[in-house]
Amino acid sequence: MDAQVKKQVLRKLTYGLYVATAKQGDQAAAATVNWLSQASFQPPLVMMAVKADSGLHALLSQGATVAVNILGADQKGMAETFFRPTQLEGNTLNGVPFTPGETGAPLLQGVPAAFEAKVVHSYAGGDHTVFVMEVVAVHLYDPEAKVLEMWDTGWFYGG
Ligand SMILES: Cc1cc2nc3c(=O)[nH]c(=O)nc-3n(C[C@H](O)[C@H](O)[C@H](O)COP(=O)(O)O)c2cc1C
């Protein structure tokens, strides 16, 4: 397999952009992710690939629930905020205010929609672990909002 072609082919996959957040006690983790998809209707499952050496991976492995904050088309800046290491200060993550959801996972202010999920399986396949998670709570703030798509940002995470 040609490595350059592999990269070009895998970069043809399409993605959204989300901020995944988790909190347990005074430990919090947040990361912008694109490797995320629904994986079952009943029960409602989603799968997310999380970098093995990240703070989010550590918290999900310890049993924390997660909030997936779905970014609006105009929230590229918020995506950038969560490429950086997580800073929890009061009720803010990297300066963005949050409120605890039904499961305690942080819901970021200003996003059009979010859901909360609990991990039901994990597959440590490579440099990322695939977490399969059941959706247990949903939040819809702006039903008409367009969402941020990876292709429109000019960024790549894949290949
Ligand atoms: C465009 C882009 C997409 C990303 N997608 C993912 C992803 O799907 N899964 C993941 O674990 N990290 C992803 N990352 C990396 C995380 O955003 C980053 O590692 C994390 O916010 C930093 O947390 P840490 O300091 O705990 O590692 C992506 C980064 C970029 C620049």
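Each position is counted from 1, following the chain as shown.
Positions of Cβ are set from backbone N, Cα and C atoms, glycine also.
If you check TrEMBL, you get these features:
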- 10-157: domain 'Flavin reductase like' (DOMAIN)
Per-state residue totals over the domain 'Flavin reductase like' (10-157) - DSSP helix, strand, coil: 18 helix, 72 strand, 58 coil
Model confidence over the domain 'Flavin reductase like' (10-157) (mean pLDDT, whole number): 97
